[in-house]
């Protein structure tokens, strides 16, 4: 406490951006894994990307080392907007005393996350498009072929107006809401659990790191299906009037994936989701904590 909400906004945004630099390569890999074999039965399509490490190598081969930082500017913009808004809303809820009620922290975290996701959605849309783009031999999912982040925003806005910039937001809100709620619900108890086992002393970074890794398992399992849906809705090609050519919306997307790709289709990229979450969560919290104490 003792930090005004506006400061929390800046600190939250900065922490998210610092973490983003280090975890963006996993985002690129995750996007490719989640688009691979879209609406195709397992085993019927070529798989240029197999698992996190080999996928990272494949990205480097196709796009050079810089390929691993594809969509970084859009990712930073998203992290800045999303985390800034999320920490700000959460701070407001704390100040209003809502977090004192039972379940209050989870509810506040979920709402704050949802608001953040809505504000950051256009940046995430562009990030997904840019991260999916690659050489035709390695391409998975629809290729939007944007020149840069600014031309991506411009062409989406010119073709589909303001509404077009918020396309796919229906997948983003449940993704972040579920992620935020599960993370907040499990992180504190994971930290207590780790300390009770006396693996690490209370308040040490090792305890925070271990708790982050434990709680990330729960978050990855809960969030990956929403993450896959989100990626698919953001990346799908659209008609001139903005209607999706593959999915009509959130529910249709779930049904089509489970029918055509099986239930495991909803867990594509879970390795990358987990490897990104653990460090990202811990780095964000670490940077945020350190910045607050400065």
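Each residue, glycine too, has its Cβ placed from N, Cα and C.
Annotated features in TrEMBL:
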REPEAT    3-96  repeat 'Solcar'
REPEAT    100-193  repeat 'Solcar'
REPEAT    203-294  repeat 'Solcar'
TRANSMEM  205-226  transmembrane segment
TRANSMEM  269-288  transmembrane segment
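Summarising model confidence by region, the repeat 'Solcar' (100-193) averages a pLDDT of 92.
Across the repeat 'Solcar' (3-96), DSSP classifies residues as 73 helix, 0 strand, 21 coil. Broken down with DSSP, the repeat 'Solcar' (100-193) shows 75 helix, 0 strand, 19 coil.
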